[in-house]
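What follows is a short report on a single structure.
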Amino acid sequence: MSHIALGVIGGTGVYKLAQLADVETREVDTRYGKPSGPVRIGHLLGQRVAFLARHGEGHSVPPHQVNYRANLAALQAVGVQRVLALNTVGGITERFGPRVLACPDQIIDYTWGRISTICEEPGTDVLHVDFGDPYTPLLRHKILAAARVTGVKLVDGGCYGATQGPRLETKAEIARMRRDGCDLVGMTGMPEAALARELGLDYACLAIIANWAAGCGTGEEITMAEVLANVDAASSGLPELIGELARG
Ligand code: HPA
């Protein structure tokens, strides 16, 4: 295992890391099974970075069937300690419109039926990890610092509401989430963040806002084409930001 400065998990619309050079591909098997695809390890602006596409490189794995444990364990197996999770999301509150990038600091979990702990394996101790701050505060600070250095605009904070999917939400569900205090809605934020904590990884989220959530903003129908176009447009500064983060 050699040192890798950063592991990156790509979400919807981010199936590879632009500017990743000298790429080496690892097929990793873990005690939790197979990850969504190969781990691609390469150099990004001089730093060694590992990348994994959360839904597979052809987006074939729906949110509720992602093997979150295997994905994180595969990154850990190749030597990753710090994980930057890229999550494509919908925006609920004012500051989180399409094409905005955000570094949330809280989560509410609305998912169900997903394997959400590593403690079910035979021989593992039951863990009750502290999850008051679900994202590693120091890594969040480093992401925000890297954004400042590279001139990438990033909203500091926000609450990520994790829904089951794969369908989008009803307007009433989003209205309830707004009342609960959610700013963002996505389908993959949990159990990934909690599993990272159990596995002892540093983990934080960079949310890419692709659309207004149901009933928010202009209230128009949400299309996959709109989601992908907005992710693309919002992602142009990410290689520099990720390279800078890997350096720090
Ligand atoms: N809801 C849930 N997940 C999402 C959305 C949304 O509106 N947009 C992108 N991922």
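Cβ from N, Cα, C; glycine included.
Phosphate binds T12, R54, H55 as TrEMBL records it, and from the list T163, T170, T188 the residue named for this site is T188. Note on A213 (substrate binding site): other Cβ atoms within 10 Å of its Cβ, all shown chains, come to 29. A Cβ distance below 6 Å to any atom of ligand 1 is met by none of the recorded positions R54, H55, T188, M224. Ranked by Cα separation from A213 (substrate binding site), the recorded positions T12, H55, M224 are led by M224.
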